[in-house]
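Take a look at the structure below.
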Amino acid sequence: MEIIKTVVELQTALLKIREQNKSIGFVPTMGALHRGHIELVKQSVVENTISIVSIFVNPTQFNDKNDLLKYPRTLNADCKLLLQETNNHFVFAPSVEEIYSETNIQQFKFGHLETVMEGKLRPGHFNGVAQVVSRLFKIVKPNCAYFGEKDFQQLTIIRTLVRLLNLNVKIIPHPTVREPNGLALSSRNIHLTPKQKKNAGMIFKTLSKSRKEKNILSIQELKQKTINKINCIPDFRVEYFDLVDGNTLQSITDWKDTKYIVGCIAVYIGEVRLIDNITY
């Protein structure tokens, strides 16, 4: 596995691969890799001739400078994990200057998609995500790019970005990877105490149980019941829970509004904020 830090180096390495019409799989990450990332990389390796993982802590998607400063930067450990667990070919670990070399930063408009849920609570976040992903796509020019379904709103934004820019890349979602108790894997989980981590499995268990009440309870009743159940757990506070159309992210008010219904939730456990989702 080769570690590359400049755009020129990467594009030189990929030139021969493209000339031979070999498929390139790409997994963009911010590092602090866990088993969820590893599963994405394994899929990329299996489905493509060459697999590339980018490790880049993107400053434009952080609303809080302290969050940016505190975000773990563990390149050596990440590369070691990739070597141990996957047959990945390249790691692209550029500097901020390498990615944002030009001063003109493109602004993206995603309309309703970026004004609800995570977008409402983190203004500008998805524009920052789009800025870095669009740049990485133009540098790597992958055939396929892999994203986890845990960040469902982000996945929807990325699909829209590809359409807006008319990019020739296939976006491949990967099911959320979970702990045995149902907790969705996240880099933030390391901040949970053992007791909090054990209780955190109740988020997905509660969502799963709520799915059985589809068409029995009204949308509003199901949302309120789910919120109340989770808020009853010590140290838990639901920030939002909404049932949305999986394509448009529009809130639904009736089970007949769409056949593709996704329940999206954000929960604080103490000071740790977790997100999850489930399809109804």
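Each Cβ is built from the backbone N, Cα and C atoms, and glycine gets one as well.
Listed features, source Swiss-Prot:
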type: BINDING; residues: 30-37, 148-151, Val177, 185-188; note: ATP binding site
type: ACT_SITE; residues: His37; note: active site, proton donor
type: BINDING; residues: Gln61, Gln154; note: (R)-pantoate binding site
type: BINDING; residues: Gln61; note: beta-alanine binding site
**Message:** Tell me the Cα distance separating Gln154 ((R)-pantoate binding site) from Leu33 (ATP binding site), rounded to the nearest angstrom.
**Reply:** 18
**Prompt:** Of the recorded positions Met30, Gly36, His37, Glu149, which one sits closest to Gln61 ((R)-pantoate binding site) when you measure Cα to Cα?
**Reply:** Met30
**Asked** In whole Å, how far is the residue listed as 'active site, proton donor' from Ser187 (ATP binding site) when you measure between their Cα atoms?
**Response** 10
**Message:** I need the most crowded of these binding-site residues: Met30, Leu33, Val177. Count other C-beta atoms within 10 angstroms of each C-beta and give me the top one.
**Reply:** Leu33
**Asked** Just counting, how many other CB atoms are there within 10 A of the CB of Gly36 (ATP binding site)?
**Response** 20
**Fill in**
By a 10 Å Cβ neighbour count, the lowest-scoring of the binding-site residues Gln154, Ser187 is Ser187
**Request:** Quick one: pull the CA-CA distance for Gln154 ((R)-pantoate binding site) versus Gly36 (ATP binding site), whole Å only.
**Result:** 16
**Asked** In this structure, which of the recorded positions His37, Gln61, Glu149 has the fewest other Cβ atoms within 10 Å of its Cβ?
**Response** Glu149
**Request:** Would you mind reading off the Cα separation of Glu149 (ATP binding site) from the residue listed as 'active site, proton donor', to the nearest angstrom?
**Result:** 12
**Fill in**
Per DSSP (helix/strand/coil reduction), the residue listed as 'active site, proton donor' sits in helix
